[in-house]
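Features reported for this protein in TrEMBL:
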type     : residues : note
COMPBIAS : 21-32    : compositional bias 'Pro residues'
REGION   : 21-41    : region 'Disordered'
DOMAIN   : 35-113   : domain 'RRM'
REGION   : 114-140  : region 'Disordered'
COMPBIAS : 124-140  : compositional bias 'Low complexity'
Amino acid sequence: MAAAASRSGFRRMFSISAFAPPKPPVPRPQADPSPNLFVSGLSKRTTTEGLRDAFAKFGEVVHARVVTDRVTGFSKGFGFVRYATVEDASKGIEGMDGKFLDGWVIFAEYAKPRPPPQQAEVNSQPQQSWGPSSGSWGSR
């Protein structure tokens, strides 16, 4: 009886029906059109000025910023560009998405708005399980 069960288990394990085809990737939700763009794929050598100059060809750039590492000062690989109008932002995406900047292919898309900050509850103080609870360790 056990041999029959194990044979059917092997059959199930190695049959084609046991392996389902991978699910198609779910496309990321697109942000609503806005004058703010999120730019990814930046080189570590890309500067804020270089980002601004590259996107200024497609409209009036109000603000540009490459997010940098605090220690090294190099780019973290992404940044933000704000145009004066949504139309300029659309032109910036069309002109720069999938193009090279400082030797790297970059991607430009509408930036998603930041979620509102979570309101902390009054009694939600984190408990420290690793430290002294009453301070009696050094009171001798």
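Placement of Cβ uses the backbone N, Cα and C atoms for every residue, glycine included.
Across the domain 'RRM' (35-113), DSSP assigns 22 helix, 30 strand, 27 coil. Across the domain 'RRM' (35-113), the model assigns an average pLDDT of 95.
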